Amino acid sequence: MISRPEKVSFLMRRTLTAALLAAAVLLPACNLTSQARVESIKRMNEGIQQLNKNNMSAAEKAMQEAIKTDPTHAEAYLNLGKMYRKQQKWVDAEKAFRGAIENMGEPGHGEFWFELGSVQVAQSAEVGTSRAEQETKWRDAIASFDEAIKLKPTLYKAHYQVGVLYEKLDEPEQADVAYRECIKINGTYSPCFVSLGNMYIDYGFSAVAMAVLDTGTKVNETDADMWNGMGRALLNLNKPKEAVDAYKKARRIDPDKPDVLFGLGMAYAEIPMRKEAEETLDEFLSKAGQSPEHIKKAAQDTIMRMQGPI
């Protein structure tokens with residue numbers, strides 16, 4: 001019979017032996033996992049280098065190998081998704097970003113969801129996409145941006161994108177909340193002011209738009225879109241001379257911006273300053289590019305009107 005001290009000593013030796021045996025089994029496995037991640041990072045970085053050289057096939061091969069080496073490496077999926085996004089391979093990009101999200105672990109990364117939402121927005125803009133399909137993609141993107149916001153509430157660009165999408169869905173109250181939250185988080189981010197102000201103009205609230213854009217111009221007085229929005233609001237309020245002043249400020253910042261040239265020309269026409277209106281709208285038409293056809297027609301019609309009898 002084993003005495004108590006001897007029994008304790010025997011049990012301790014047996015426990016220690018078992019622990020050492022377990023360690024002998026587990027440690028190599030841990031080393032393998034660690035080595036897999038190291039190799040995956042190496043391959044991913046090679047892929048990024050190839051991407052920076054615009055060598056897409058080599059970049060894709062390296063990043064796919066990074067994922068194959070370590071299927072739980074979230075950043076490898078993320079960078080693969082960015083590569084596909086650069087190539088406008090939206091379906092592949094979405095799949096890669098979902099892989100990043102599935103493997104990102106706790107507490108998660110809001111930026112990963114933001115990337116997914118951005119791709120879903122891009123998918124909605126593809127040629128041949130029906131309105132119903134667009135709305136589905138917009139709502140999918142809103143859900144992704146909302147997940148991004150849950151993980152990182154200060155991700156102001158996600159709030160902004162939510163506002164843009166709710167506006168597209170003709171839900172201005174929801175858009176208003178999102179835009180204002182964006183402004184609250186980052187009061188220097190001009191697109192939030194511009195979009196909120198323009199939305200108010202589009203819904204017939206030019207006076208409210210003026211208040212928003214006036215605040216925006218104080219925050220960022222070198223933003224052409226801000227002054228362009230101010231010009232729109234003033235023109236809608238039947239203040240063409242003040243609108244001309246706002247558009248001129250926008251033009252000094254960005255002399256070739258078609259929206260600014262169109263607005264300035266139309267404001268001149270309302271005064272009326274015929275020569276200036278005709279010259280400015282002619283310049284707009286020469287730089288209109290992808291501007292909507294109805295905008296181009298409005299410019300042409302106004303030029304004809306300016307050339308007519310007084």
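Glycine too: its Cβ is placed from the backbone N, Cα and C atoms.
TrEMBL entries are annotated by machine, without manual review.
Record features, source TrEMBL:
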REPEAT    74-107  repeat 'TPR'
REPEAT    224-257  repeat 'TPR'
SIGNAL    1-36  signal peptide
Treating G and I as helix alongside H, and B as strand alongside E, what does DSSP give for the repeat 'TPR' (74-107) in helix, strand and coil?
26 helix, 0 strand, 8 coil
Per DSSP, what is the residue tally for the repeat 'TPR' (224-257) in helix, strand and coil?
27 helix, 0 strand, 7 coil
